[in-house]
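As structure tokens, the structure follows; a few thoughts come after it.
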Amino acid sequence: MAWALLLLTLLTQDTGSWAQSALTQPASVSGSPGQSITISCTGTSSDVGSYNLVSWYQQHPGKAPKLMIYEGSKRPSGVSNRFSGSKSGNTASLTISGLQAEDEADYYCCSYA
């Protein structure tokens, strides 16, 4: 029986100094090894829709969050090109292609507001 990865997406935040709104992600996303999955992050025209400043973080249990994507689609040095970011309107997305066991983690998005 094929096993599935469970990619939890439980926490989102806006990072502006006066931000009150929250971004919306699915509670969980799952996929099988080798598949591609996309995690959405929906905001408003005041945050995600207005700025190309969405960041995505990966966090494994007991570890510090790791920056995976910044400014919507840029990857820091050392981050696999299996991770990609995009945006359409008020929704940003993180796509992970060729899922691997080590991709099982929490993924957080944040946006300037």
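In case you wondered, yes, glycine gets a Cβ from its N, Cα and C as well.
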Record-annotated pyrrolidone carboxylic acid (source Swiss-Prot) among candidates Q13, Q20, Q100: Q20
Per-state residue totals over the region 'Framework-3' (74-109) - DSSP helix, strand, coil: 3 helix, 17 strand, 16 coil
Residues of the domain 'Ig-like' (20-113) by DSSP state, where helix covers H, G and I: 3 helix, 41 strand, 50 coil
Count of other CB atoms lying within 10 Å of the CB belonging to C109 (disulfide bond): 27
